[in-house]
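These come from TrEMBL:
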DOMAIN    1-66  domain 'CS'
TRANSMEM  121-142  transmembrane segment
TRANSMEM  162-179  transmembrane segment
TRANSMEM  186-204  transmembrane segment
TRANSMEM  216-236  transmembrane segment
TRANSMEM  257-276  transmembrane segment
TRANSMEM  296-315  transmembrane segment
Amino acid sequence: QHPDIAIIDNVLHFKAQGHGAKGDNIYEFQIDFLEPVEPKPVCRVTQRQLNITVQKKESNWWERLTKQEKRPLFLAPDFDRWLDESDAEMELKEKEEEKINKMKIESRVPKDPFKHLKKGYLVMYNLVQFLGFSWIFVNMTVRLFILGKDSFYDTFHTIADMMYFCQTLALMEIMNSLIGLVRSPLIPAVVQVFGRNFILFVVLGSLEEMQSKPVVFFIFYFWSIIELFRYPYYMLSCIGIEWKPLTWLRYTTWIPLYPLGGLAEAVCIIQSIPIFSETGKYSLGLPNPLNVTIQFSFLLQIYLIALFLGVFVNFRHLYKQRKQHLGPKKRKMK
């Protein structure tokens with residue numbers, strides 16, 4: 001307890017209260033080093049022992065530790081940490097060989113000449129998508145504050161062009177995953193992109209009766225909020241930057257928004273089924289003698305089941321990613 005440690009004129013002075021051979025007493029010693037050492041030792045006290053680290057001024061090998069040739073009786077080497085000159089040379093040689101082998105392996109791996117071009121493309125893609133969905137979100141939010149519920153009914157006519165652009169561009173995400181440009185799995189990307197584009201182009205885009213319904217507002221709003229965090233997260237990842245608040249938002253906001261978005265899409269499908277049944281749009285009439293017509297509304301009912309399966313697939317995929325990025329870090333075994 002209460003160690004007093006100092007190096008004065010190349011001599012280590014130690015004094016402390018402790019329990020040893022002489023019982024509870026003050027113990028002290030001095031070590032006069034053979035060659036110059038740094039005057040500021042580093043001391044660490046634990047319940048079991050006290051460690052003092054003294055640094056040499058010059059990195060060379062000493063014949064012995066102290067000036068006096070005869071080793072002090074209280075001094076003994078710790079052979080678990082002992083290193084002689086031959087051991088050090090062997091250790092240095094192994095490190096050099098490991099470094100050379102690593103360089104050889106890296107030299108065998110062909111360098112991608114288009115690496116910077118691919119990275120630039122991914123940054124620009126995510127930036128354009130972020131700006132597009134930001135415009136949608138801000139526009140819808142401003143209109144909601146100004147017009148209130150009235151903004152629900154003309155959402156499609158004011159936002160559809162930008163949403164068409166963003167969702168058409170989103171097809172590139174499937175291509176990026178397909179050619180290995182990004183490491184994200186293909187199936188979740190296909191489910192999300194084709195699911196959204198089916199709602200946007202087939203259900204909303206082809207039925208004027210659906211375009212003025214309030215459900216359009218909620219579909220577009222949920223889609224845009226999710227992408228406000230997803231695209232900037234990917235954009236920063238492309239250049240090796242991780243911002244922890246953004247990472248948390250990217251892997252947390254989907255928890256309420258994905259089910260809500262899936263529910264809004266399901267409501268949209270349910271509302272469109274009677275319209276497709278009445279108009280017969282996209283229905284397929286088989287030739288005689290069968291004289292059978294496959295109603296598109298029936299296919300929508302099947303799609304409704306597939307919609308919830310798709311939400312489950314994406315939910316499971318994002319949950320795994322969330323555990324990977326935000327879960328407790330595994331401790332490395334020593």
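The backbone N, Cα and C atoms fix where each Cβ goes, glycine too.
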### Message
Ranking 162-179, 186-204, 216-236, 296-315 by the number of C-beta pairs under 8 Å to the transmembrane segment (121-142), which range is first?
### Response
216-236
### Task
Would you mind splitting the domain 'CS' (1-66) into helix, strand and coil residue counts from DSSP?
0 helix, 37 strand, 29 coil
### Task
Pop the mean pLDDT for the domain 'CS' (1-66) in here, whole number is fine.
87
